[in-house]
Every structure is written in C-alpha cells, then in structure tokens.
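Here TrEMBL flags 1-396 as domain 'Major facilitator superfamily (MFS) profile'. Marked as transmembrane segment by TrEMBL: 40-67, 98-118, 124-144, 208-230, 258-278, 285-303, 309-331, 343-363, 369-390.
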Amino acid sequence: AMLLATLFGVVPQAVVSIFGGSWADRHSRKLLIMLPDMVIAVVTVVLSLSFAMGWASLTMIFVVLFIRSAGGGVQTPAVQSFIPDVVPSGKLLRVNSIYGVINSANTIVAPAVAAVLINTVPLWSILLVDVTTAIIGVGFVALIKAPKKSAEHVARRMAEAENSGQPTLEPMSDANADRSLIASVRRVFADLKDGFSYTWRRANLRNVVLGGALVCFVSVAPMNLTLLLMTREYEGIDLNLGFINLTTASDKLAANELGWSIGMLLGGALMSTIGAKLIRNNMRVVAFGIALVGVSVVGLGVVHNLLAYLLIDVVNGLASAICTGPMRTIIQTEADERMVGRVFGLDTTLSALGMPLGMLIFAPLADVIPISLVFIIGGVLTLPIGIYLFGQARRNVSAQVTRTAA
C-alpha cells in the first residue's frame with residue numbers, strides 16, 4: 001500500500017508536468033495556478049464526506065492522491081513561470097528563496113498541526129481544513145494583478161524567435177480554440193519537442209535541468225531510505241537531550257524529517273537575506289550547494305551517532321535550499337518568456353522521475369549491502385555533478401570576460 005501511495009503521489013505529477021509546462025506558455029498562468037487547487041478542494045470535500053459517511057476506501061484515497069499529484073503537475077510549472085511575470089529580475093533570487101522558506105515552514109508546521117488535530121477531531125473534519133486553506137490560497141492568487149501581454153508584445157516575441165532560429169509559437173486566437181482534439185494533441189507534443197530542443201541547445205538550462213534530475217536520482221533516492229537506516233543502524237540507540245527523547249524508529253524518523261526541514265528553512269532564510277545581496281554567479285552557488293548535498297549524504301552514511309546524524313541532516317537541508325533558489329532563478333532569467341513554462345515542465349518531470357527511478361536501484365541494493373553504504377555511494381556519485389557545474393560556471397565567467405575585452 002505504501003508503494004502504491006508513493007507511485008500515485010509522484011508519477012502523475014511527473015507525467016502531467018510535461019504538458020503543464022506547455023499549457024503555462026500558452027494559457028493564463030494565474031488560472032493554471034488556481035484551477036488545480038479548486039479541483040483538488042472539490043475532490044477533498046468528497047473524500048471528507050466519504051469518511052464522515054463511513055464508505056471511504058483505499059481505492060478512493062489512491063484516486064485522490066492521483067488527482068492531487070496530477071494537479072501539482074499543472075500547478076508547479078505555472079507557479080515557477082508566473083513568478084518572473086510579477087517579480088523584477090533583480091529580485092528573483094530573493095523571492096525564490098522566500099518561496100522555499102514558506103514551503104519549508106509548511107513542512108514543519110503542517111505535520112505538527114495535523115498531529116494535534118488527529119487527537120482532537122475526526123479525520124473528515126481535518127480534510128476540511130485542507131479545503132479551507134486551498135480556498136484562502138486561491139483567493140490570494142486571485143488578488144495578484146498579472147501583466148497582460150499586448151498583441152504587439154506577442155508579435156515582437158515571434159519576430160525575435162524567427163530571427164534567432166527559436167521555435168515559434170502562434171498567438172492564441174478564436175481559431176486556435178476551435179481546432180480539433182487531434183490537432184491540439186499534436187500541438188502539445190510539438191511544444192514538448194520544442195521545449196526539449198530549446199533547453200538542450202542552451203548550456204546553462206541544460207546543465208541545471210539535467211543536474212537537478214541526476215541529483216534526485218543519486219542522492220534524493222537514498223534519502224528516501226531513511227526508515228531502513230533508522231531501523232537497521234540506529235536500532236536500540238536512543239537520544240535523550242532532556243527536552244527531547246528519541247527511542248522508537250518513528251520518533252527518529254520524525255526527527256530526521258524535522259531536521260531536514262529546519263535546514264531548508266535556515267538555508268532559504270540565508271539565501272533570501274544575505275545571499276540575494278552577495279551572489280553574482282548563480283551557477284557557482286548551485287555547484288557548491290550540490291557538492292554540499294553530496295558531502296552531507298556521505299556523512300549520513302558514515303556517522304553512527306544519532307545526534308551527529310541529525311546535525312548533518314540539518315546541513316543537508318541547508319545545502320538543498322542553497323542550490324534550489326539559484327536553480328529556479330537561472331531558468332527564469334535565461335529562458336525566454338515564451339519557453340519558460342516548458343523548461344520548468346521538463347525540469348519538474350525529470351526531477352520527479354529521478355527519485356523513483358533511483359529507488360528502483362538503491363532499494364534492492366540496500367538488501368545486498370549495508371544501508372549506510374548505500375548513502376555513501378549516493379553522496380559520492382553526487383560530488384561529480386557539483387564539480388562539473390562549477391567548471392561550467394568558470395567557463396561562463398571566462399567567456400564573459402573575453403566578450404567584454406573584445
């Protein structure tokens with residue numbers, strides 16, 4: 001059941017993101033952000049009623065997970081490509097980092113609130129809390145005034161694309177809306193081909209998208225085996241600091257998740273304050289963050305002290321936050337406004353698929369070799385990615401200096 005829940009929670013987003021990126025380039029990004037939340041809210045109300053009436057089933061839960069994941073596949077590329085529409089380019093890193101802080105805070109607060117509610121109110125009413133927050137979120141997004149693209153703006157973008165050899169997009173019109181379903185599907189797949197070609201031809205975009213996917217494959221996948229690590233390596237090892245006492249595997253796993261989220265929160269806060277003012281080369285920061293992720297994953301496999309493990313786990317979350325904001329900023333600043341949705345869609349798809357594909361390799365491997373060695377292997381394989389991206393960042397600086405001198 002847990003395996004199916006993971007598949008229903010990950011695979012639909014990975015698949016739908018391929019199309020979600022194309023939709024984000026062709027349709028209202030603001031609407032694509034709000035619509036999935038509204039659909040998910042309706043589905044969650046149905047699930048809540050099913051629990052209240054006593055006819056909820058595991059199948060229904062899987063269906064809801066599927067719909068929520070698919071909604072994320074539409075919403076995620078739309079959100080990430082909508083940010084540069086309303087944020088000045090010089091503030092993108094700061095805003096992306098704040099976005100990460102909010103997500104990290106939600107990761108910390110939501111389970112704590114759920115733990116309190118689950119002991120005081122029925123499950124069906126807790127689901128209605130989720131519906132309420134979704135409605136509030138949609139209301140906030142509705143208040144954002146998105147800039148409208150004029151016909152002259154669209155024509156200028158198309159002319160620039162033709163002159164530069166980029167794939168061209170037709171402006172939306174009533175005629176486009178009346179096309180047949182087959183023609184629409186063909187257009188979407190043509191958009192996918194254009195998005196992949198566009199990303200592949202631009203070194204920075206290619207490096208960020210593939211680098212992120214590889215990190216998910218070789219280091220994020222082992223990190224999802226922390227339950228095995230806790231049960232095998234830390235069985236019988238307790239941690240008592242007076243204010244906290246970790247004795248069971250579930251306690252240690254919860255502390256692991258909390259430590260990582262705190263690291264993400266601290267990293268996002270650091271990047272949104274000091275980092276946004278000091279960073280001049282986002283690719284170098286991405287390379288450093290990925291290398292630090294690799295080192296910390298190795299550390300998680302090497303140490304056998306629970307307190308040291310949790311401290312390194314905080315560092316891992318910090319490193320993840322350090323590279324995530326600049327990666328989004330690179331895509332938002334280097335991708336053309338007409339193509340940014342497709343680039344983010346491709347990025348989301350490859351990253352989402354990287355984790356389960358990595359699990360197919362690392363999970364069986366954990367039954368053959370010690371689980372700690374699986375972490376060490378994942379961390380060591382992550383280091384070359386950071387080193388390669390650092391080399392690419394140096395080449396970019398050298399090329400820029402050469403152009404300036406010329």
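Just so you know, glycine gets a Cβ as well, placed from its N, Cα and C.
Per-stretch counts of Cβ pairs under 8 Å to the transmembrane segment (124-144) identify 40-67 as the leading one among 40-67, 98-118, 208-230, 343-363, 369-390.
With Cβ pairs under 8 Å as the measure, the transmembrane segment (208-230) is packed most heavily against 343-363, out of 98-118, 285-303, 343-363, 369-390. Sequence-remote contacts of a segment are chain residues at least 6 beyond its ends whose Cβ falls under 8 Å from one of its Cβ atoms, and for the transmembrane segment (98-118) they are 83, 125-126, 129, 254, 257-258, 261-262, 264-265, 267-269, 271-272, 317, 321, 324-325.
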